[in-house]
Amino acid sequence: MHPLSIHVPAAAGSTDIMAVANSPLVWACALGVFAVIFVQTFIYIKAARRTAPEIGMPAKELSGAFRAGAVASIGPSLAVVLVAIALLALFGTPAVLVRIGLIGSAATETASAGIAATSMGATLGGHDYTQQVFAVAFMAMSLSGGMWMLATLLLTPILKRGGKRLAQVSPAAMAIIPCAALLGAFSMLAIAEMPKSWVHLITLLVSAAVMTGCLLLAKKLHASWLKEWALGFAIIVALAVAFVAHTS
Amino acid sequence: MSTQSLDRAEAGMAAFEASTSRWGRITMLAGLVLSLIGPIYLVVFGGLDITSGQIWIAFLAVAATFGVFWIVEPLTYFPILGSAAMYQAFMIGNISNKLLPAAIVAQSSIGARPGTKRGDLAAVMAICGAATVHLTSLLIFVGLLGTWLMTRIPPGLIEVARLYILPALMGAVLIQCIATMKQIRPTVIALALALVVQFALVPALPKAAMFATAIVVVCTILASWFLRNRNIDHTAAIEDIPAIQENEVR
């Protein structure tokens, strides 16, 4: 055997997924990805701190934006955590951390793994879900996620040059494009949820109603903290309604 | 703003872009390599008798489904994120359901519009905040406590979170987005186009569902541009003066 081989009873026919999924090197790489993102975050914060005074932006606004982003992501992060825990049995902790928690999303990555398993004539979690099938599915998920990163690495500099030229030719375009893109993206993402089921529709409407209420209240009471927490409240209330509607 | 301070602001932003682009690329490459070492190790040294043919077939099957998104998603999100945040977003993942909402909340809480210098810095800081919360909660609740929590959380709760997290999030985010932009025309255009794509185009052409978001984003940009109110000086927003933005949008 190769000296790097895993010191567990690994075999192509074994269905003991956790024996390979939790091997130390896979764990080390997963934690390495976390470390890289922490380093990136640190570098970006430092760069923003250096730039803010130059553009006349108070340091208070920078830390306010950081806090707002952190608070707004509590709800979505806990949702990702819940889904990730549900998938632990299928992929093991390190693969779930990197593929579902970071880089990809639960929907895409589980679908990729399922497609890869099917290409080997097996099903995820089935009696034919062997260590070999897991490794191929993990590899396919990682390669697909890698292609997203590769595309980002290659396209961003090109798009940036295009954006710079556009800004010179027409400053108005640069004021309109980001707003229009954001409104277009979220209109489509929200409306795409409507026809899925009546519970989806109710959940969407409740979430929108809670947000509207919070924003009106925040304006009336001049409570800017409410703007930051509104997203969390909306998610919790909407999910509670969905829970009742789904189980009744 | 005086010409001098405007020059200084331009130079400051240019330095920010240069620094984040360089480090963004370096960290993303490191993340890419690290994310591939694990599975490559299992496939090559795991003693699992995996052939390169099996990998190729699995990869091509996945590429046939998601290959288009590798290109379309970066193109769709670039106008929203800007180049600095691109390197963060595509490594942290969960862009539409976590990072963009975080950026919108941050921009609305300090009253900055996307595409402005203040808006860009606010978005980057918001994504940093979101990343910190997200990484910490993953490390604690999945990495450390995951296998224990697996046996404790009622399956019904996980099921509801999995099924309905998107509508629970998107309803609120769309409202916040509309409230932050305060731009009636692009809002009406975006909603109308999304309804047409969802209820007319997708039923007629099911394959279009894959591109739905990209189609609506591109068409909203074009329609908002050609149908813009030409009496408004849109360049004012670029100058990043909140007072002018307030007057402009009401």
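The backbone N, Cα and C atoms fix where each Cβ goes, glycine too.
Automatic, uncurated: that is what TrEMBL annotation is.
Residues or ranges marked as transmembrane segment by TrEMBL: B:26-48 (among others).
According to TrEMBL, the transmembrane segment annotation covers B:55-72 (among others).
Feature annotation from TrEMBL assigns transmembrane segment to B:78-100 (among others).
If you look up TrEMBL, you'll see B:121-149 (among others) marked as transmembrane segment.
Among the features that TrEMBL reports, transmembrane segment is placed at B:161-179 (among others). Beyond the ends of the transmembrane segment (B:161-179), by six or more residues, the same chain brings 97, 100-101, 104-105, 108, 187 to within a C-beta distance below 8 angstroms of the stretch.
Residues or ranges marked as transmembrane segment in TrEMBL: B:186-202 (among others).
According to TrEMBL, the feature transmembrane segment maps to B:208-227 (among others).
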Paired segments the transmembrane segment (B:78-100) and the transmembrane segment (B:55-72) in contact, 3+ CB pairs under 8 A: no
Stretch-level contact, the transmembrane segment (B:186-202) and the transmembrane segment (B:121-149), CB cutoff 8 A, at least 3 pairs: no
